[in-house]
Structures are given as C-alpha cells and as structure tokens.
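Let me begin by presenting the structure, written as structure tokens, before commenting on it.
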Amino acid sequence: MKPLEQAVHALICICMATDVLAVPLPVWIKRITASMELDVSILTITDWYAIGLTGFLVLLALRRAIRIILRCICPLALRRLGRRISQWAVRCLAYRGPFRRGSSVDIITWAHILIFLSYLTSNLSCIIIGAGDVAEACSRAGKLAFINLIILYIDPCLDFIASVLRFRLRVQRRIHAGAGYVVAILSTIHAVGAFSRHGWSAIDQGHNLYATLALAGIYFILIPIRTFPSWIPYEMLLSIHHLVAGWLGFAMWRHIPTDSQFSLIFLYVVAGIFLGSLTWQVGETVYRNGWWFQSVSLSQNGSYDYIQVRMTLRKPVKVEPGQYINLWIPLGPLSGLQSHPFTVANWSIRAQTELKVFVGVNRGLTSKLQDAVKRGLKSNIGLYMGPYGATIAMKGYETILLVATGLGVVAVAPYLQGLVHATRAHEIRSAPVHLIWHIPSWSRSLLPSFFSSIDRSCRASTCGF
C-alpha cells in the first residue's frame, strides 16, 4: 500500500469508529488517489504551453536568486564565458538596431526583434505542430491568445509589477506591448478561421458576438497614443485603456464555451492573479500613506513654467536616487481619477518625511495644477503610490558623466547628493563627476534651488539632504 493510501486508511478507520463515514474503504481510497493523480496524456500542446509560460514567469521573478545560486555552483571559467557572451549580446544586440538613428522607431534594437520573433514563433509552432486540420489550428490560436493574457493582466499598474519583478519600467512596457501584439495576431487567426467556416452567421451566436467585440477592443488598444489628437489628456487615454481592458476580460469570459473546463480554470487563475496583485497594490498604498491623506503644498516660479510640490508624509519612506512616485491630487471630478508619475527631487540616507517634485506644465493634470496655483491654491490633500523604479549604482567608476535637459536635472540631483554623501563618508572612492545640463531660457530659474540643494548636501555629510 502506498504511503498516501496508508494515511487515508488510518483517517477512514478513525471516522468509521465514530460512525461518521459509511462509504466502503477500498472505493473511497481509489476515488481519492485517482483524483490526486494527474494524467499527463490528456494534456494538449496548448496546456503544455500554459504550464511552460507560467513556469517561465516564475523563473523570471526569481532570476536574481537563480543568478546567485549559479554564481556559487558554476566554475569560474563558465562564469567568465557567460560574462563575455552577455557583454557581446549587449554590445551587438541591445545597443544596435536595424533602423536609422533619429527616426521615430530607432529605439527598437536587434534584441527587441529577436525576443519578439522568438515569442511569436513559439506560439505559431504550438498552432501548427500536430494540428489535424485548419479548424484545429485556429482553435489552438484562440486558446493561446487566451493563455497569453496572463502577461497582460498580471497587474493593473505596470509601475507596481515592474517594481515587484525588479524590471525597469521601459522593459515592462515593451513586454506588455509585445504580448499585446501576439494576442492580437493569435486572435485574428482564430477569428479568420471561425469566419471561413461559418461566414457572417457566426456573429448571430451570442458568444461569437462577444468575441467580435473583444477583437475590436484589442485592435483599439493597439493604436499608439501618439496617433490620437494632442488635445486629449494622457490620463484620459490611460483610463480608456483600462476600461477597454476590463471589457475584454468580460467579453472573453462570455465567449468561452461552458464545457471548456481548462479555459475556464485558467480564466479564473488570471482573474485571481489580477485581483491579488490589485489588492496587494491598494494595501501597500494605503499602508505607506498612513491610512489617510498627505498634506501637499504648492509653489511656482515667476512665469509658472514649472510647479514645485512638497508632500509632507505621515509615514516616512526610503527613496533611492532616480525613483519616482505616482502623485494623486484631487482638483476636480476628472482629476480625482488621475495620477501622474513624478521623479523625486530630494534624497536622504534615512527614510524621508517630505518628498519634493518639480512639475513641468503640459496638458491634463499638470495644466490643471498650474491653473489652480494661478488662482491662489497653496495647499491641498494628496496620495502617492511608490516609490517605483530602479536606481543605478555609482560605485566602481573612474569617471561619472551625468547628462540632463531642462527639468530632467531633477532626476540627476539625487544622484549628486548621494555621491557627495558617499564620498564624504568614505563609502566610495572620490571620482570626477561631470554634469552636462542643457538649460532652456525658462529653466534658468531652477539654478538657485538646484545648486542650493547640492550646497546643503556638501555641508551635511551625515544627515539627509
């Protein structure tokens, strides 16, 4: 008898002694053991893809721990070989691309193209390999599109999930966009296959009508934001994006056949991951804000080109150089639904009780903030989410070059403050630091406040700046 059966046998004997269970022992044991055994032969290629994708995401989240383990168990020669391959990949793939420099798509590198093509090829292979006919291949495309939604619905806020997975926000956005394009391609294959078999009569069925509306929503989400009119605020477009994404989830739930148990289970898993990460994010935000609103003070320069926001915190928070927060300040019905990312302009070796940000005025929330300050608003309430983003280690360099334009110096100032403190505390070796700052005429009013903060950091080597 197997150990599992022995344990169940002992439990059932106790239950039978107390007249709780009246089912014959052998039958009940067989049912339990049969339910706990997974029949691998019934898994399809799309099921294996779902398992592999989930495992890959788990390994991706644990990549730092895996790197430490490999560093301990791998020989020195193998580590050197891996380092050389990594340097070659960065030099030849990550920093080079097929498009002309200065074009609107020059940010696409060979690494982006190879990763996307590998991702798309793996999905297309799962469609083609072992497919009996075109109908089966198109059906697989629909299942794969549904499975890849786990990448898109892993969290409602890319900033938060990038911070949890320790990705740069730029990388997380590209992953999100790449998964969206693959889902659109697979959904199109699935829809074309259904239309070729049933024609326009397929839309007469309720679940196919929801699928058609979902496909239209996917195409709408893929439209680049820059193609919309410039007078539409970015925050409004982002809210529309979230609403359409919520509609897609509902439409796909209505489209899935009720007899497709695996798809329904996977849908509930995706919904559970989404709700779990949303609950985590909301709980962390409420906790960091001290369970209440923060006090916000507003000030501006003479020409109202930028606004300085000071947020006094109820609960101190540690902010690393280069990190940013999502700031929420209610200024009206629409602004109450908007938040905006701002880089934190001050740094301290300890947890800070005050955060400073400089707001460049454009459209949307920043324009409303400018109008409110012009009307005499000096203080308000607010909340923040974060801090998000990764910091760049400044140790081990012989020369440090910092480049900024206009308000971009706000992201540079915390690094300078941290370098001053680390040098005076003998944490790092003193190295030449060069700052190249392109200043438009309106940014010259930043000079006094910027250099005064650096001067304070030079005079206070052990306290916060």
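Glycine is treated like the rest: Cβ placed from N, Cα and C.
Just so you know, TrEMBL annotations are computer predictions that nobody has curated.
Quick look at what TrEMBL lists:
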TRANSMEM  7-29  transmembrane segment
TRANSMEM  41-62  transmembrane segment
TRANSMEM  107-132  transmembrane segment
TRANSMEM  144-165  transmembrane segment
TRANSMEM  177-195  transmembrane segment
TRANSMEM  207-225  transmembrane segment
TRANSMEM  237-256  transmembrane segment
TRANSMEM  262-280  transmembrane segment
DOMAIN    289-394  domain 'FAD-binding FR-type'
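Residues of the same chain lying 6 or more positions beyond the ends of the transmembrane segment (177-195) and with a Cβ under 8 Å from any Cβ of it are 115-116, 119-120, 123, 127, 134-135, 137-139, 141-142, 144-145, 148-149, 151-152, 202, 208, 211-212, 214-215, 218-219, 221-222.
Where the transmembrane segment (41-62) meets the stretches 107-132, 144-165, 207-225, 237-256, 262-280, the count of C-beta pairs under 8 angstroms peaks at 144-165. Panel annotation: around the transmembrane segment (144-165), residues 46, 49-50, 53-54, 57, 60-61, 123, 126-127, 171-173, 175-176, 179-180, 182-183, 186-187, 190, 242, 245, 249, 252, 256, 263, 266-267, 269-271, 273-274, 277-278, 281, 326, 341, 385-386, 388-389 of the same chain, lying at least six beyond its termini, place a Cβ under 8 Å from a Cβ of the stretch. In the domain 'FAD-binding FR-type' (289-394), the DSSP tally of helix, strand and coil residues is 13 helix, 47 strand, 46 coil.
Nonlocal intrachain contacts for the transmembrane segment (237-256), taken as residues 6+ away from its ends with a CB within less than 8 angstroms of a stretch CB, comprise 146, 149, 152-153, 156, 206-208, 210-211, 213-214, 217-218, 220-221, 225, 228, 263-264, 267, 271, 337-338.
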